[in-house]
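> Copying in the features that TrEMBL gives for the protein in this structure:
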- Asn19, Lys20, Gln21, Asp22: GTP binding site (BINDING)
Amino acid sequence: MNYCLEEELRGAVVLIFANKQDLPGAVDAAAVTEALELHKIKNRQWAIFKTSATKGEGLFEGLDWQGHLYMTAYSANVLFDSVHFLDIVLATYD
């Protein structure tokens, strides 16, 4: 997650979709959190959502979380062009 240290991403919110959760052997959210060392991210908000894109599971929850952050920023009169969102989509490929 070295890119989280980039100056232009300072304050970015990290939304991670851990996809393919419907498949046997899928890496769970805790393992993804550990592998990406998310516990070390102290200067920004982050969340990880287990998803299955083919079943539509977890996608809306992640987008709702992101939307809530947008609304919170709007309510606090934070300009949207100063709010950065960094979306990371994790997928496995055969």
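Sequential numbering from 1, following the chain as shown.
Keep in mind that glycine also has a Cβ here, set from the backbone N, Cα and C atoms.
Worth saying up front: this structure is predicted, and the values here are computed from it rather than measured.
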> If you count other C-beta atoms within 10 angstroms, which of the binding-site residues Asn19, Gln21 is the most crowded?
Asn19
> Measure the Cβ-based neighbour count of Lys20 (GTP binding site), defined as the other Cβ atoms within 10 Å of its Cβ.
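Looking across every protein chain shown, the total is 19.
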> Quick check: in three-state DSSP terms, what is Lys20 (GTP binding site)?
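Once the DSSP labels are grouped into three classes, Lys20 (GTP binding site) ends up as coil.
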> Tell me which residues of the chain lie with their Cβ under 8 angstroms from that of Asp22 (GTP binding site), as long as they are six or more apart in sequence?
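Set apart from Asp22 (GTP binding site) by at least 6 residues yet with Cβ under 8 Å, we have Ser52, Thr54, Lys55, Glu57.
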